[in-house]
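Asks: Taken from Swiss-Prot, the feature S-adenosyl-L-methionine binding site applies to Gly113, Ile133, Gly134, Asp135, Tyr136, Val137, Leu138.
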Amino acid sequence: MKIDILTLFPDMFTGVFGSSILKKAQEKEAVNLRVVNFRDYTTSKHNSVDDYPYGGGAGMVLTPQPIFDAVEDLTKETERKPRVVLMCPQGERFTQKKAEELAGEEHLIFVCGHYEGYDERIREHLVTDEISIGDYVLTGGELASMVITDSVVRLLPGVLGNHASQVEDSFSTGLLEHPHYTRPADFRGMKVPDVLMSGNHKNIDEWRHKESLRRTYTRRPDLLDDRDLSKQEKKWLEEIKREQ
């Protein structure tokens, strides 16, 4: 996979892209990450990438020319049209399902904005997706693009050493992940549940499944709204409700 990030602040990505999973993914050649300063594409004699909004108002608006030119340059040798994703608080809420969808693409371009916003022609004629990572305000789209990049890249084949850990992650199964414990079995009187030390894998799997359901019901009940619960999950959920 190829991921290009269009930004005015490329230095922000050095630490994130040069460590942990993203670093390993690049070393394994599972992904090619490029950070591009779209100011390099401006034709303005003052090297500017923004201007005052027509009709007046506060703030500056990113002009279309440098962003259009940057995307066109990055895709001039690409046979398949890439997904061009605008980081935008008005966009579709980012979810695990969206991450899985994007992980199936060959080429992604993330556009990170600043200032008051983007010229609307960028939205209408250039991008394929607009994505938001939450209902809050950030200084720019850089942090959002880092979050999405990490979420997508870890899904690529061969990136994670243990495929099972990826499958069991919160949201991957539609439920929040079950609790985890490690040594010691008794820490200051706080004990690990007996079932986890029983060696009975069937009972352990059932405990983890039920605890995932419990945690989801308690912390994110909205995730259960569209879930087609199995007969066993319905039984467990009734037990969980009685235990509350």
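Placed from the backbone N, Cα and C atoms, the Cβ positions cover glycine too.
Worth saying up front: this structure is predicted, and the values here are computed from it rather than measured.
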Asks: Which residues does Ile133 (S-adenosyl-L-methionine binding site) neighbour through Cβ under 8 Å, counting only same-chain ones at least six apart?
Replies: Arg93, Phe94, Ala144, Val147, Ile148
Asks: By a simple count of other Cβ atoms within 10 Å, which of Gly113, Gly134, the binding-site residues in the record, is least packed?
Replies: Gly134
Asks: Sort Leu138 (S-adenosyl-L-methionine binding site) into helix, strand or coil using the DSSP assignment.
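Replies: For Leu138 (S-adenosyl-L-methionine binding site) - judged by DSSP and reduced to three states - the answer is coil.
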Asks: Just going by other Cβ atoms within 10 Å, which of the binding-site residues Val137, Leu138 has the emptiest spot?
Replies: Val137
Asks: Per DSSP, Gly113 (S-adenosyl-L-methionine binding site) is which: helix, strand or coil?
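Replies: Where Gly113 (S-adenosyl-L-methionine binding site) sits, the three-state DSSP reduction gives coil.
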Asks: What is the number of other Cβ atoms found within 10 Å of the Cβ of Tyr136 (S-adenosyl-L-methionine binding site)?
Replies: 7
Asks: In sequence order, what residues of the same chain, 6+ apart, have a Cβ less than 8 Å from the Cβ of Asp135 (S-adenosyl-L-methionine binding site)?
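Replies: Pro89 - these are the non-local Cβ neighbours of Asp135 (S-adenosyl-L-methionine binding site), listed in sequence order.
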